[in-house]
Amino acid sequence: MTTTITLTGAGGQIGYALLFRIAAGDMLGPDEKVRLRLLEIPQGLGAAEGAALELQDGAFDLLEHVEVTDDPAVGFDGTDLALLVGARPRGPGMERGDLLAANAGIFGPQGAAIAANAAPGVRVTVVGNPANTNALIAAASADGVPAERFSALTRLDENRARAQLAQILGAPVSTISRVPIWGNHSATQFPDVSHATVGGAPVMEALRAFVDDVPDWLDSIFIPRVAKRGAEIIQVRGSSSVASAANATIEHVRDWVRGTDDWTSAAVASHGEYGVPEGLISSFPVTSVDGEWRIVEGLEVSDWARQRIDASVAELLEERDTVRGLGLL
Ligand code: NAX
């Protein structure tokens, strides 16, 4: 079988880290051939064309074809998986509203181009920030494509949270499970350890051996560390997260297409679960079954968790209202 994959922002940093792993079979497995469409804006075409030449030189067995374009109709033609990574970064003096508007100008037309050109079962993963609201705009612009086919990346946040827990508990990260991210992929996100396990045992109990006051540690150290990890990487590395973001994108798409054994996190369209207003693209604990994300329902949510979920969801509502107010939704 061959899957057609469109990557926007293919000339950018995350694009460069993603392409070779996709071609090597890390995303869809060793038996699935891939056809890549690299969609850029004119200024990014050179970098995308360079990446295409290197893909050729990689002589990947699974890579059938690579095409570079700045035309969304060509880029999304017959695509099965659209990875929307390219976005407008916040420039100097840009207000939040300007940023949302600039990105609505990208993700609205891309949503429409997906509806007009993509394969009937297309799945769209939004990485470019502000990811949740960009996904909302793309989905709203994609007439005839169900909102369930759109999701935004919060897997990097979850991976960061699991890694932090592994570090303090002195346990392999592979033994840490069920650490969902709720809400927005932003500083208001809520990495939730209430249901987390380490080697099958509750993390909340395990933490007591390492931390005096667990709720205080969660509030003052863990949650801010996870939520601001992107800024920490920029400070230390001098550039934003790239390989870890590409890795999370690979895992997100792999799980969506091939299914999960346990919970993970993804920002998906709410149908009102956990009081999140219907239609918002909010991060939830999810599983993937038969190629569809399913929100894990029936979890107990403490008052403490409720407040944090509500705060992040309020930010998502604000973003939606700003975009609506500008007539872009
Ligand atoms: P770069 O600036 O390196 O690359 C972005 C690329 O997108 C550029 O080549 C640009 O020409 C292209 N582009 C811009 N508008 C486009 C359009 N309309 N169509 C096609 N291509 C377009 O950024 P990079 O480091 O690769 O990051 C990409 C995006 O990921 C950013 O928005 C970033 O904020 C976001 N991130 C999201 C994360 C998440 O967890 N959801 C984590 C990592 C990352 O911060």
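Cβ coordinates come from backbone N, Cα and C, glycine included.
DSSP assigns H185 (active site, proton acceptor) to coil in the three-state reduction, placing it in neither a helix nor a strand. Non-local neighbourhood of H185 (active site, proton acceptor): N129, P130, A131, N132, A152, L153, T154, D157, A267, S283, each in the same chain, at least six residues away, with C-beta under 8 Å from its C-beta. Annotation source TrEMBL lists active site, proton acceptor at H185.
Under DSSP, G15 (NAD(+) binding site) is assigned to a helix (H, G or I) in the three-state scheme. Listed in sequence order, L7, G9, L38, A48, A51, V85, G86 are the same-chain residues at least 6 apart in sequence whose CB falls under 8 Å from the CB of G15 (NAD(+) binding site). Per TrEMBL, NAD(+) binding site is recorded for G9, A10, G11, G12, Q13, I14, G15, N103, Q110, V127, G128, N129.
On its own chain, R160 (substrate binding site) has P191, V226, R229, S244 as residues at least 6 apart in sequence with a Cβ closer than 8 Å to its own Cβ. Annotation comment: TrEMBL describes R90, R96, N129, R160 as substrate binding site.
Mean per-residue pLDDT, taken over the domain 'Lactate/malate dehydrogenase N-terminal' (5-143), amounts to 97. Residues annotated as domain 'Lactate/malate dehydrogenase N-terminal' in TrEMBL: 5-143.
The annotation domain 'Lactate/malate dehydrogenase C-terminal' is assigned in TrEMBL to 154-322.
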Those binding-site residues among G9, R90, G128, R160 lining ligand 1, judged by a Cβ under 6 Å from any of its atoms, are G9, G128
Nearest of the binding-site residues to R96 (substrate binding site) by CA-CA distance, picking from G11, Q13, Q110, G128?
G128
For Q13, Q110, N129, listed as binding-site residues, tell me which one has the smallest number of other Cβ atoms within 10 Å.
Q13
Between Q13 (NAD(+) binding site) and R90 (substrate binding site), what is the CA-CA distance rounded to a whole number of Å?
16
